[in-house]
Amino acid sequence: MRSSVIGSGSFGTALANSLAVNCEEVRLWGRDAALAEAINTRHENATYLPGIPLSPRVLATLSLEEALEGSELVVLATPSHATRDIVSRALPSLPRHAPLLTVAKGIENESLLTMTELLEDCLPEEFHPYIAVLSGPSFARELAMRSPTVVTIASHWEKVAVRCQKVLQTETFRSYTSNDVVGVQYGGALKNVIAIAAGIADGLGMGHNARAAIITRGLAEITRLAVRKGGNPLTLSGLSGMGDLVLTCTGELSRNRRVGMELGKGRQLADVLAEMKQVAEGVKTAKSARDLSVKTGVELPICQQVYAIAYEGKGAKQAVVELMTRQPKSELSGP
Ligand SMILES: NC(=O)C1=CN([C@@H]2O[C@H](COP(=O)(O)OP(=O)(O)OC[C@H]3O[C@@H](n4cnc5c(N)ncnc54)[C@H](O)[C@@H]3O)[C@@H](O)[C@H]2O)C=CC1
Ligand SMILES: O=C(CO)COP(=O)(O)O
């Protein structure tokens, strides 16, 4: 079997390496010629996953046509803001009956669409019954090192989710299927914003009580929005909710948490991002979250404060005071 991964960053490469267990050939598309050459000759992605040997079944290419030809599973692994453009460019070569599995965790700024909604928006209808999304606690580096990793694969079409599950199943990579495409995606996208908040708290030296509160109340606000959008609240206690929140709000490998830590130390967003060569999706998603809150009327207090710190120059300490002194209420009440 042949599969394809579009996007040769950290997660795309890690997933390609995982797919290589069950696929004879995994074509990995990227835009960096030197990186592709190194993957094909040295079997290492030294830019994004240095020191981790990749399967020789992973073949990097700069051509979308070559990457997609004869593929039976297409993984879309570019950052969310690049997905629309890449998918439009890939369209002429997209296989007709292969699952299209997006793994990006984000909500498009302009349209406020999730990744599966975006795919439905930019692909002809004949492709829609093949769309699925993968999300859950899965640092690329650990996945690539074949540390046990468990995620959720959601699709409106059960057969498609099961097909992706089967192709990706290995001794160290397990997935659960779901039909809650909405809950899984809001969980995956918004946990990055909460991870920035957890990083800010750490940057301020606030301690473990604060981090636990951010994770728990973050989950409450993500769940509120997901439910308003039609998601199942139980999904958010699963891998693509609580699971990924715990990982990203506590894990040293999280890029979003790292951005938050720098903001908490008082640095400006532009300076922090200028030093990073990898994406921190929560930065853009904070803006989408703010806009979704305004549009739906669902209160997202932590996300709103992250937005204000990152984009409006609000002091992190002031944001904490404002969160702590919000109107007292019951834990079981709404916002
Ligand atoms: N790294 C991780 O541990 C995980 C990442 N994800 C998600 O996967 C998605 C991709 O993340 P990573 O691979 O970590 O990002 P990364 O920053 O490691 O790599 C991004 C890749 O996309 C390419 N890219 C960036 N902008 C592009 C554009 N405009 N057009 C074409 N290619 C472009 C870059 O050249 C690079 O190859 C994100 O949505 C992320 O949230 C999900 C789970 C885990
Ligand atoms: O989504 C992730 C793990 O599940 C990766 O998190 P970061 O993007 O914060 O590194």
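Including glycine, each Cβ sits where the backbone N, Cα and C put it.
Binding of NAD(+) is annotated in TrEMBL for Gly7, Ser8, Gly9, Ser10, Phe11, Gly12, Arg255; the matching candidate from Ala140, Ala144 at the same site is Ala140. NADPH binding, as stated in TrEMBL, involves Ser10, Phe11, Arg31, Lys105, Ala140, Arg255, Val279, Glu281; the candidate among Tyr48, Tyr307 given for that site is Tyr48. Note: the Cα of Asn256 (sn-glycerol 3-phosphate binding site) and the Cα of Ala140 (NAD(+) binding site) are spaced 14 Å from each other. Taken in sequence order, the binding-site residues Ser8, Gly9, Arg31, Asp244, Arg255 that lie near ligand 2, meaning a CB under 6 Å from one of its atoms, are Asp244, Arg255.
Taken residue by residue with DSSP, Phe11 (NAD(+) binding site) is part of a helix. Taking DSSP states H, G and I as helix and E and B as strand, the domain 'Glycerol-3-phosphate dehydrogenase NAD-dependent C-terminal' (180-320) has 109 helix, 0 strand, 32 coil. Candidate recorded positions: Lys105, Lys191, Ser254. Nearest to Ala140 (NAD(+) binding site) by Cα distance: Ser254.
Confidence annotation: the domain 'Glycerol-3-phosphate dehydrogenase NAD-dependent C-terminal' (180-320) carries a mean pLDDT of 98 in the model.
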